[in-house]
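Summarising the annotation, TrEMBL assigns domain 'Ig-like' to 7-103, 116-206, 216-301. For 357-377, the entry in TrEMBL reads transmembrane segment.
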Amino acid sequence: MYFLFTPSIGSQGQFPLTQNVTVVEGGTANLTCRVDQNDNTSLQWSNPAQQTLYFDDKKALRDNRIELVRASWHELSISVSDVSLSDEGQYTCSLFTMPVKTSKAFLTVLGVPEKPQITGFASPVMEGERMQLTCKTSGSKPAADIRWFKNDKEVKDAKYLKEEDANRKTFTVSSTLDFRVDRNDDGAVVSCRVDHESLNSTPQIARQVLEIHYTPSVKIISSNSWPEEGQSITLTCESKGKPVPEPVLWTKDGGELPDPERMVVNGRDLSISFLNKTDNGTYRCEATNPIGQNSTEYVLIVHDVSNTLLPTTVIPSLTTATVTTTVALTTSTAPSATAISTRDPNGLTGPAVPDHALIGGVVAVVVFVTLCSIILLGRYLARHKGTYLTNEAKGAEDAPDADTAIINAEGSQVNAEEKKEYFI
């Protein structure tokens, strides 16, 4: 095809203007060429192979994807729909002056990465094993970026690999995440996120939910922190594992539960009613699943009933005699016999012991009564001895010898009764 034109005198000051264009594969590219001053000079668009696409408003290449948008003396705009990677390259707008003036526009086609896929997960994974997950996506241009997340928290230190595809235009990228799993990873969501400029800030994401199998963990919870005789208690065996351990096994002191009528197992609960001291011991809860077995123990101590009042003992006062002699008694301080004994609810339980305060009070009273009796007996003997000596002295005043003095004293004893002195 030949085009004939005659340039004008003022065409030397004219120059076409174009802009580079970037489009996503499969999209539509708009190519525009403008001339500020044009005195009826023709414009032309050609592709990277230097094939003419449009000459003014005349279509030169038979390609249904190429359409005319606008044609005038100042502008020639065309569109290329369903753009492919092969459309990428340098397009030329020509202004047919003398000489011909041209402007270049580079069309960049972005390769959209395919939806990523995660491989390497085989369910289930045992606790403590290493896991390698690989995320791969192809067809990106330029090469896409891959990031890893676990429960929305980014995981670093993944290996990144970029390979050129067979068409030598796009890339296949992959990333491998290598880590050791534990029971906390069970149910975690691992995400592979692909970022690329062709995705318009909407990344492509692939997700994988982890399933980790692990041995049970066991814990015993008591319903009564201070069990006492006559009360009841429920021990709950909390066991976590995958697969879930069902059922749990309860034992006491290494053997079966001794009293099935009072010790009832219901699922994970062990209920003991009407507690007594025979229930003291070590209770074990054991949980088993196909991965392994685990157990824990609870030491049960049944306490005496707290806040029990002992009966009050009142010691009656004893009145024996009134004496003028002062007797000093040295006794050790002992608790009163009327003291009330209370049991410390926080003390350790053990065999019952006698009330030392009550015994000490009784002993003190017995010692006091005994001393008073000894003193009264001594005073009685001393008084009679004094009377005998007084009478003997009175009879000796007129008697020649001791026998006569005694006889005289007995005879006058009646008359002297009123003058007798007592020392009390």
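Including glycine, each Cβ sits where the backbone N, Cα and C put it.
Just so it is clear, the model here is predicted, and its values are computed rather than measured.
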Fill in the blank from the handout: Across the domain 'Ig-like' (7-103), the model's average pLDDT, rounded to a whole number, is 90
Problem - Helix, strand and coil counts within the domain 'Ig-like' (116-206) (DSSP) - result: 6 helix, 52 strand, 33 coil
Handout entry: Tally of residues which DSSP labels helix, strand or coil - the domain 'Ig-like' (7-103)
Key = 8 helix, 43 strand, 46 coil
Practice task
May I have the DSSP-based helix, strand and coil counts for the residues of the domain 'Ig-like' (216-301)?
Solution key: 3 helix, 50 strand, 33 coil
